[in-house]
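What Swiss-Prot says about this one:
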{"type": "SIGNAL", "residues": "1-21", "note": "signal peptide"}
{"type": "DISULFID", "residues": "Cys25-Cys73", "note": "disulfide bond"}
{"type": "DOMAIN", "residues": "25-73", "note": "domain 'BPTI/Kunitz inhibitor'"}
{"type": "SITE", "residues": "Leu27", "note": "site 'May bind Kv1.x/KCNA'"}
{"type": "DISULFID", "residues": "Cys34-Cys56", "note": "disulfide bond"}
{"type": "DISULFID", "residues": "Cys48-Cys69", "note": "disulfide bond"}
Amino acid sequence: RLSVLRYYRRPDLRILPQETFEDTCRLPSDRGRCKASFERWYFNGRTCAKFIYGGCGGNGNKFPTQEACMKRCGKA
């Protein structure tokens, strides 16, 4: 299985690897630290399921639609 590492810059300008494809899809749902209430989708190991996202923080296993979730993680 091919995993692709992508990089992003943090505010402190260090370059860090993002979660790999496989890692992202294996993370648990995480509503984050804020108190808003946004419907998002996460991959639960079998399929994509809804959860409530607080609006900030959390992890990469959150998607705006079920379709986006399945496109990224459906074959994980």
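For all residues, glycine too, the Cβ spot is worked out from N, Cα and C.
Cys56 (disulfide bond) is surrounded by 11 other CB atoms, counting those within 10 A of its CB over all protein chains shown. Residue environment of Leu27 (site 'May bind Kv1.x/KCNA') contains 16 other Cβ atoms, counted within 10 Å of its Cβ in all protein chains. Cys25 (disulfide bond) has its Cα within 10 Å of the Cα of these disulfide-bonded residues: Cys69, taken from Cys34, Cys56, Cys69. Of the recorded residues, Cys48 (disulfide bond) and Cys56 (disulfide bond) place their C-alpha atoms 20 Å from one another. Nearest in space to Cys34 (disulfide bond), taking C-alpha to C-alpha distance over the recorded positions Leu27, Cys69, Cys73, is Leu27.
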